[in-house]
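For reference, the structure is listed below as structure tokens.
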Amino acid sequence: MNQRNASMTVIGAGSYGTALAITLARNGHEVVLWGHDPEHIATLERDRCNAAFLPDVPFPDTLHLESDLATALAASRNILVVVPSHVFGEVLRQIKPLMRPDARLVWATKGLEAETGRLLQDVAREALGDQIPLAVISGPTFAKELAAGLPTAISLASTDQTFADDLQQLLHCGKSFRVYSNPDFIGVQLGGAVKNVIAIGAGMSDGIGFGANARTALITRGLAEMSRLGAALGAEPATFMGMAGLGDLVLTCTDNQSRNRRFGMMLGQGMDVQSAQEKIGQVVEGYRNTKEVRELAHRFGVEMPITEEIYQVLYCGKNAREAALTLLGRARKDERSSH
């Protein structure tokens, strides 16, 4: 591979970053995958697979491993960031001085900025300035299924139409990976954060043993909370009926591949928060997202009762069953009401 002709540099060699890199390479593109741990990257290069997360998926020949950040960023103008939301800003500040002058950045990170609850677009603009084209991809994607080439669909939104068109062409594969463009940059970002919170609630409900009726009601009312918050931020309502909204919400709330759902199930079964996190053994994005989404809702005056009760369980020591009973005991409402 020529040093500067890769189609994409992927920042983040976890399960999802690796799966996206594999998908791009499988589409015939030269891809560079960077990870912060040189030993981990050396192991990936030796094994030609990510044995820790995706042991049965060999790397295509066009997937190249790199532990030197400057070299990775020099390889392509297109940068795909796939890191946990709580380090998103830190990573962007790290890569900014090393990016090519023609660089364009897209992220698959789902969540909001830690502590502030800001959208990641605001974090990116603060870190990178106003000139770099930005984009986000989001939707119902489990890394193992994506890497295995099973049919998957996502949404793509960008501040730059040319970048959006180029990304759609790069990522889209008619055999297994559909990429839908969406002009709603805010909505596509927000859906991925809120669904993590609701998935914890769905897991709690199932952990308690409330059954399918309760789970479905929680998903539906969770979608209403997502839509209300989105409207307050200026998102398009239709976005939340698409891949980045309802699609990702249903997937994360109903399948045990979801760490957020499994985490919630443990809480519903009586496990404490710290023990549940330790048992999951990987980042549970919804834990931080709950605090951030709640902060955002308060800032914009949006009532989100499910989010509030999940927050009470995660951060205030409330029992999951008590939280569920609080929700069930709320005053009668019109289903179409704003609270």
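Placement of Cβ uses the backbone N, Cα and C atoms for every residue, glycine included.
Around Ser15 (NADPH binding site), the C-beta neighbours below 8 angstroms that are at least 6 residues distant in the chain are Asn50, Phe53, Leu54, Ala143, Lys144. According to Swiss-Prot, the NADPH binding site annotation covers Ser15, Tyr16, His36, Lys110, Ala143, Arg259, Val283, Glu285.
Per Swiss-Prot, the feature sn-glycerol 3-phosphate binding site maps to Lys110, Gly139, Thr141, Lys195, Asp248, Ser258, Arg259, Asn260; the stated evidence is sequence analysis. Within the same chain, residues at least six positions away from Lys110 (NADPH binding site) with a Cβ under 8 Å of its Cβ are Ser85, Ser138, Gly192, Ala193, Lys195, Asn196, Asp248, Glu285.
According to Swiss-Prot, the feature active site, proton acceptor maps to Lys195, an assignment based on sequence analysis. Take the CB of Lys195 (sn-glycerol 3-phosphate binding site) and look out to 10 A: across all protein chains shown you find 33 other CB atoms.
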C-alpha spacing of Thr141 (sn-glycerol 3-phosphate binding site) relative to Tyr16 (NADPH binding site), in angstrom: 9
Whole-number Å value for how far Ser258 (sn-glycerol 3-phosphate binding site) lies from His36 (NADPH binding site) (Cα to Cα): 25
Separation of alpha carbons, Val283 (NADPH binding site) and Asn260 (sn-glycerol 3-phosphate binding site) (Å): 9
CB within-chain contacts under 8 A for Val283 (NADPH binding site), separation at least 6: Pro84, Arg259
Binding-site residues compared (His36, Thr141, Ala143, Asp248, Arg259) - the one with the fewest other Cβ atoms within 10 Å: His36
